[in-house]
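See structure below.
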């Protein structure tokens, strides 16, 4: 649950942060790096029907910021060609 990094040599996972430990029905669904190297990932509830998820940004300094609340399901994250818009 949450964000992790992995040591590719040892395959050891290092926990960074779990933004939703209180939402046991939620899970991460999809994520993607933006052109600046930040990782964006969205959560959803188990069935993707309650808009209980959020969209988060994991910054290069490993801080996590909630960007959007009340998300149904984040899937197919993409940016406009000029990197102005996130879809």
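Cβ coordinates come from backbone N, Cα and C, glycine included.
Note that TrEMBL annotation is computational and uncurated.
Annotated in TrEMBL:
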- 27, 29: substrate binding site (BINDING)
- 75: divalent metal cation binding site (BINDING)
- 2-87: domain 'SMP-30/Gluconolactonase/LRE-like region' (DOMAIN)
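On the structure: features taken from TrEMBL.
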{"residue": "27", "record": "substrate binding site", "Cβ within 10 Å": "14"}
{"residue": "29", "record": "substrate binding site", "Cβ within 10 Å": "18"}
{"residue": "75", "record": "divalent metal cation binding site", "Cβ within 10 Å": "10"}
| request: With DSSP as the yardstick, break the domain 'SMP-30/Gluconolactonase/LRE-like region' (2-87) down into helix, strand and coil residue counts. | output: 0 helix, 40 strand, 46 coil
